[in-house]
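For reference, TrEMBL has these:
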BINDING   Arg56, Pro57, Leu58, Ser59, Leu73, Tyr74, Arg75, Gly80, Thr81  FAD binding site
BINDING   Cys232, Cys237, Cys240, Cys256  [2Fe-2S] cluster binding site
DOMAIN    5-105  domain 'FAD-binding FR-type'
Amino acid sequence: MDELTYVTDAKVVSHRRVAAGCRRLVLAAPEIARAVRPGQFLHVRCDGTADPLLRRPLSVHDADRERGTVTILYRVVGRGTALLAQKKQGGRVNVLGPLGRGFDPPAEHRRVAVVGGGIGIAPLFFLARELSADPLKRVPRRAVTVFQGARTAAELDVADFTTLPVNLFTATDDGSRGHAGSVVELFLDTVCHEPVDWVSAAGPPGMLRALAGALETLGLSGEFSLEERMGCGIGACVCCSCRIGAPDRWEYRRVCADGPVFGAREVVWE
Ligand SMILES: Cc1cc2nc3c(=O)[nH]c(=O)nc-3n(C[C@H](O)[C@H](O)[C@H](O)COP(=O)(O)OP(=O)(O)OC[C@H]3O[C@@H](n4cnc5c(N)ncnc54)[C@H](O)[C@@H]3O)c2cc1C
Ligand code: FES
């Protein structure tokens, strides 16, 4: 944990449903809003009690440094997120963060593709916004192309990329909006005529693995945000290990402290 990590009882500014089973939570957490970078996450105590005991890792979907707020976009999948879903406006949520190593597209790459599947899109909105139009000019403006995939059109609406100065391509499994099929197919079809020179991605392991193959074929570099079940969230318990290196020479690294973002070519898939 570095010096820019805070633990705070953040006030719920707003909390609403954005699609079936998905919610957007805005928290007042000025120190975290100032310190956080795209791809970092918060470790969230979903209830005020010790049940469930462990915090849950949730990416920062967006941060407003002037208003001092951070936004989380999450899917309710189990006990922790179900408890979090009950938090009301004006209530408190204890969060620890910002944690982890976020996205870092090298400055020389001016055309960045942002590829997300399902709720994996959560950390990519913040990245796309900062890369395309950072009001603080901390990150130089770049040409950003977003590839968003989901099961249905309703699930695409969890994040509104139309508010950003980006090129947006969408794919749905059921064909209800955009390309009918996988977001990786759409990415492959599109970059032939709209070249990019870096890819930042997050999503289910199957999607990332297919995308890794596509990047290999195209000779493109990039970075992936990985998800593993977490305990401490700060690098102490080693329960969030993933394999990083080359297929014949890899080592275990901690997703919480060494990631969650790793080089696309470094991830050794199980
Ligand atoms: C760095 C990081 C960032 C994340 N960001 C987001 C986000 O922005 N939005 C979001 O909706 N989810 C995100 N997740 C996943 C989220 O942490 C889990 O969905 C959550 O912890 C589930 O808690 P629960 O108590 O509701 O479910 P549990 O009862 O603990 O588990 C329910 C189901 O979810 C699976 N699951 C639990 N934890 C994880 C995990 N860490 N990774 C993958 N599957 C898991 C379990 O295997 C089980 O099938 C992130 C995970 C990591 C590691
Ligand atoms: S969750 Fe404890 S080391 Fe990563």
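Placement of Cβ uses the backbone N, Cα and C atoms for every residue, glycine included.
Curation does not apply to TrEMBL; its annotations are automatic.
Features recorded in TrEMBL, as mapped to the structure shown.
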residue: Arg56; record: FAD binding site; contacts (Cβ under 8 Å, 6+ apart): His43, Val44, Cys46, Gly80, Thr81, Leu84, Met230
residue: Leu58; record: FAD binding site; contacts (Cβ under 8 Å, 6+ apart): Phe41, Leu42, Val44, Ile72, Tyr74, Ala122
residue: Leu73; record: FAD binding site; contacts (Cβ under 8 Å, 6+ apart): Val18, Cys22, Arg23, Arg24, Leu25, Ser59, His61, Ile119, Ile121, Ala122, Phe125, Val158, Ala159
residue: Arg75; record: FAD binding site; contacts (Cβ under 8 Å, 6+ apart): Gly21, Cys22, Thr81, Gly118, Ile119
residue: Cys232; record: [2Fe-2S] cluster binding site; contacts (Cβ under 8 Å, 6+ apart): Cys239, Cys256
residue: Cys237; record: [2Fe-2S] cluster binding site; contacts (Cβ under 8 Å, 6+ apart): Gly231
residue: Cys240; record: [2Fe-2S] cluster binding site; contacts (Cβ under 8 Å, 6+ apart): Glu228, Arg229, Met230, Gly231, Arg254, Val255, Cys256
Exercise for the section: Filter the candidate list Arg56, Leu58, Arg75, Thr81, Cys240 of binding-site residues, keeping only entries whose CB is under 6 Å from an atom of ligand 1. Expected result: Arg56, Leu58, Arg75, Thr81
Fill in the blank from the handout: Same-chain neighbours of the FAD site, Cβ within 8 Å of the mean position of the Cβ atoms of Arg56, Pro57, Leu58, Ser59, Leu73, Tyr74, Arg75, Gly80, Thr81 and not counting those residues, run in sequence order as Val44, Ile72, Leu84, Ala122
Practice task
Could you list, ordered by sequence, which of these binding-site residues: Thr81, Cys232, Cys237, Cys240, Cys256, have a Cβ under 6 Å from ligand 2?
Solution key: Cys232, Cys237, Cys240, Cys256
Fill in the blank from the handout: Within 8 Å of the Cβ centroid of Cys232, Cys237, Cys240, Cys256, the other same-chain residues by Cβ around the recorded [2Fe-2S] cluster site are Met230, Gly231, Gly233, Ile234, Gly235, Ala236, Val238, Cys239, Arg254, Val255, Ala257
Practice task
Go ahead and report the DSSP secondary structure tallies for the domain 'FAD-binding FR-type' (5-105): helix first, then strand, then coil.
Solution key: 12 helix, 49 strand, 40 coil
Practice task
Using all protein chains shown, find which of the binding-site residues Thr81, Cys256 scores highest when you count other CB atoms within 10 A of its CB.
Solution key: Cys256
Exercise for the section: State the three-class DSSP label for Cys240 ([2Fe-2S] cluster binding site), counting H, G and I as helix, E and B as strand, and everything else as coil. Expected result: coil
